[in-house]
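For reference, the structure discussed in these notes is given below.
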């Protein structure tokens, strides 16, 4: 299905990155359709029942108090306008005092956006646009830095546990400099990296623990059912923020200061943990996509048959990973052994010309990238042996840090 280079068949060049993108888009569409079918089957009967019940109550109320339907509907529209401004039937704490405004800006920059409080003035709406633009960007950067540190800590802890297990089994640890002389490379822990599945399991346990503790607090203070509290935790921690359930809004809660502090800490820890978990799960999804690409691979009839070689940034399951010759300085794939040498006097095509100069292009791209980032590596230094490779975004942070994303495996 995926060819590494351009060909004259089909609709043009299709590489494994484009094939993975198209497959992921199709799977997301199928996932959305399945989710819509399930939620429609579960919630649509309840919606019809609620509409019928409301119509009966509306009719009985208008007849009981001798009100016309138009007057009653007009009154209800006024209440909806007041509801948008934060007016409720139950007594609630002020929405726009300093603590309420701080809670609001927290939901803005974290992209939760419960919707229970919204600016009503023109100045507030204009200020929100610029405030959210900078605040959301800074918060996403904070989440990425948190992900970087939590992956580093988990890698250190898992590596220490792995080393302790080896010592208990009687395997003496070796340094990276003497591993090649004293024993096989498998005895060295210098290039050891944790599995993405172990990291995902730890983050799952942490997310469940935080959600259970927070749900116990919300059930006791807000009076919610424990299952409803778990539902609120997932909606809030994943920054979905429907707004049907919002914490710290009742005015009758005792010891408000301690409860608001606990609510803030739980939401902060939960959002960071769930954000990290989502990004680790995306690595597993990428593994599944690569496995599916291998299963449905269809070679082109007009192109020479080659094995499916994933690119450097592809995440492939361990048992399907193929060893390749990678240049230390450029991380470029050396395919001269499989392509063969060109006979003297034979004309070279544009495709072969670009392939022959790909090492020079890779060196140029690497130098430009290092110059732009302000980190120029000395000549001869190896980027493969760097423990943490550079990258942009969450996938760039986790690149080459877990066993399933390492180019050395």
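Each Cβ is built from the backbone N, Cα and C atoms, and glycine gets one as well.
Under the heading transmembrane segment, TrEMBL lists 21-42 (among others). Here the transmembrane segment (21-42) has long-range neighbours at 285, 289, 292-293, meaning same-chain residues at least 6 beyond its ends whose C-beta is under 8 angstroms from one of its own.
TrEMBL lists 94-150 (among others) with the feature domain 'Potassium channel'. Mapped onto DSSP classes, the domain 'Potassium channel' (94-150) shows 41 helix, 0 strand, 16 coil.
Sequence annotations record features per position, and here TrEMBL assigns transmembrane segment to 101-122 (among others).
Under the heading transmembrane segment, TrEMBL lists 128-158 (among others).
Annotation source TrEMBL lists transmembrane segment at 196-218 (among others). Panel annotation: around the transmembrane segment (196-218), residues 150-151, 154-155, 158, 224, 226, 229-230, 232-234, 237, 247, 259, 262-263, 266-267, 269-270, 273-274, 276-277, 280-281, 283-284, 287, 402-405 of the same chain, lying at least six beyond its termini, place a Cβ under 8 Å from a Cβ of the stretch.
Under the heading domain 'Potassium channel', TrEMBL lists 202-286 (among others).
The transmembrane segment feature in TrEMBL is assigned to 224-243 (among others). Beyond the transmembrane segment (224-243), the same-chain residues lying 6 or more positions past its ends with a Cβ under 8 Å from any Cβ of the stretch are 107, 110-116, 207, 210-212, 214-216, 218, 266-267, 270-271, 273-275, 278.
The annotation transmembrane segment is assigned in TrEMBL to 264-285 (among others). With a threshold of 8 Å between CB atoms, the same-chain residues lying at least 6 positions outside the transmembrane segment (264-285) that come near it are 24, 106, 110, 112, 143, 146-147, 150-151, 196-197, 199-200, 203-204, 206-207, 210-211, 213-214, 217, 233-234, 236-239, 315, 394-395, 398, 402, 404-405.
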Overall pLDDT for the domain 'Potassium channel' (202-286), taken as the rounded mean:
90
When secondary structure is assigned with DSSP, how many helix, strand and coil residues does the domain 'Potassium channel' (202-286) contain?
64 helix, 1 strand, 20 coil
